[in-house]
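**Q** Structure provided below as structure tokens; questions to follow.
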């Protein structure tokens with residue numbers, strides 16, 4: 001244990017009990033007892049401590065948060081309350097808004113100390129500043145500790161970068177490599193730390209401050225399936241041990257092969273637990289470090305070992321001082337793209353009625369379970385935005401916010417900007433084929449059969465493009481396309497080709513506007529070797545076209561290349577620059593750069609290495625199919 005902390009505890013033991021402060025620890029994220037330095041500060045030397053969580057019942061009924069996310073949160077709170085009970089304490093779930101309730105609590109409970117975990121996101125900073133002001137007016141000391149991120153984003157990373165957030169992952173990695181490792185996690189709160197500190201609990205505590213049920217919050221739970229992802233710190237700590245049992249992966253940092261099982265929820269998945277703070281990112285970081293050093297005989301681990309944690313940190317850093325990070329308009333790092341407004345098409349995407357089984361199975365899994373694999377996220381995001389439907393990333397982000405258990409404001413918005421080529425990433429010619437990519441991953445279509453039972457009777461040959469199945473096959477499968485399952489809502493080959501041209505024009509105009517030469521000459525035939533040839537494959541055989549091989553592989557590959565590579569952002573894009581893009585179709589563009597695949601959902605079974613070789617393999621898996 002820390003000798004300084006031990007000394008402080010000893011000094012406190014000598015204090016008269018009447019002098020001990022009364023503390024509130026305010027839980028928001030960070031729903032755990034391990035590595036919770038703010039909670040440790042609340043208990044240190046305190047006479048009483050109350051752990052509170054604010055829940056606004058009105059917000060529950062009106063917010064854009066789905067039932068799976070609410071259930072996960074309530075399970076986290078129940079688990080936290082159970083852990084506190086073991087320490088003779090309780091969780092106080094308070095109905096109402098913090099700004100309205102805190103002044104009353106400060107008086108009623110005679111509070112002299114308020115502690116909470118630092119929130120790096122802009123709205124969190126604004127909220128916390130208001131609460132600090134209320135506390136100061138009430139004579140309450142406020143203690144804030146960083147533990148939801150690995151680093152102090154403002155005072156370490158941004159300051160090191162000259163006061164601006166790094167806008168490329170490469171630059172971010174460079175900065176991280178110049179910093180000391182993150183601070184070590186603090187010990188889990190114990191009986192001995194609590195000591196004489198008590199939590200006053202009334203007989204009606206359960207009625208006034210108990211964790212509510214989904215029904216109390218107005219949700220209809222009839223027919224709600226059991227949770228695939230149980231919430232809470234206890235489950236999170238069990239999962240991280242399972243995660244770390246895979247020593248072969250840590251030792252070799254291999255990129256496991258993608259298969260049908262990869263698409264299903266993993267018992268070692270960690271992303272929702274990191275999002276709600278049931279699992280400390282610092283604990284995860286140092287457990288990975290320790291295991292790597294044991295396996296590799298004390299060699300220093302590469303940054304790539306922490307790839308998923310660092311991507312999370314990267315988006316937190318990019319968002320921390322940008323309150324418009326989740327918007328296109330007024331967002332200084334986002335390209336203003338004239339997306340189409342098409343509520344009908346958007347609804348088909350969100351409700352899994354696109355007519356593309358791969359896309360619809362993913363969206364069904366998302367709605368049912370609250371989680372989808374990172375490459376599945378890429379596929380549906382590309383389909384909605386620059387791939388097929390040309391609908392704004394902001395709309396897709398809202399659906400993920402509602403349904404994804406691990407939806408995190410910074411990471412969710414950053415990922416959608418990335419995948420729509422609105423920021424961070426400009427290789428718009430890398431497009432996911434909604435037929436071939438899924439087929440390569442799961443040739444038999446088991447994933448589709450699981451989430452779209454109406455298609456179970458189709459043979460593997462047609463399960464990704466059922467519109468190509470002969471009528472006799474559809475009848476035998478008891479699934480007539482256009483009757484039992486929708487026809488494809490878009491001609492992918494045409495739509496994707498058009499949208500690549502739209503993106504090309506946007507970046508060419510942006511290049512001229514900024515004088516940066518983002519795109520140089522774009523030859524319509526194979527280039528001279530300045531860039532490796534890639535094939536963009538729109539893919540499926542659409543209705544009304546020659547079926548050829550029955551649609552068993554992606555058809556019309558557009559083999560093109562460019563003699564100039566797109567460079568990544570190194571400075572913000574102007575917020576005032578808007579483009580008008582014609583709808584003319586033209587040549588598409590490809591380049592030899594890697595796909596820039598990002599891992600944001602911490603699924604240990606399918607982690608992708610950060611090596612150039614790994615990126616190239618991933619590019620090929622997207623593009624060739």
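Glycine residues also receive a Cβ, built from the backbone N, Cα and C atoms like all the rest.
Nobody curates TrEMBL annotations by hand; they come from automatic prediction.
Keep in mind it's a predicted model, so treat the numbers as computed, not measured.
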**Q** Scan 584-604, 605-625 against TrEMBL and say which stretch is down as region 'Disordered'.
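**A** In TrEMBL, the region 'Disordered' feature sits at 605-625.
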**Q** Least buried of the recorded positions 310, 312, 408, 416, going by other Cβ atoms within 10 Å?
**A** 310
**Q** Pull the DSSP breakdown for the domain 'Photolyase/cryptochrome alpha/beta' (21-150) and write it out as helix, strand, coil residue counts.
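**A** Taking each residue of the domain 'Photolyase/cryptochrome alpha/beta' (21-150) in turn, the totals are 59 helix, 29 strand, 42 coil.
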**Q** Consider each pair of residues in 308, 309, 310, 311, 312, 313, 314, 315, 406, 407, 408, all listed by the record as binding FAD, and report the largest Cα separation in Å as a whole number.
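**A** 17 Å is the greatest Cα spacing among the residues binding FAD.
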**Q** What are the non-local neighbours of residue 393 (site 'Electron transfer via tryptophanyl radical'), defined as same-chain residues 6+ apart in sequence with CB under 8 A from its CB?
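**A** For residue 393 (site 'Electron transfer via tryptophanyl radical'), the qualifying residues are 328, 339, 381, 384, 385, 416, 417, 419, 420, 422.
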**Q** Check the domain 'Photolyase/cryptochrome alpha/beta' (21-150) for me and report the mean pLDDT.
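**A** The average pLDDT of the model in the domain 'Photolyase/cryptochrome alpha/beta' (21-150) works out to 95.
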**Q** Identify, in sequence order, the residues in the chain of residue 314 (FAD binding site) that are 6 or more apart from it along the sequence and have a CB within less than 8 Å of its CB; answer 'none' if there are none.
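**A** 166, 169, 172, 414 - these are the non-local Cβ neighbours of residue 314 (FAD binding site), listed in sequence order.
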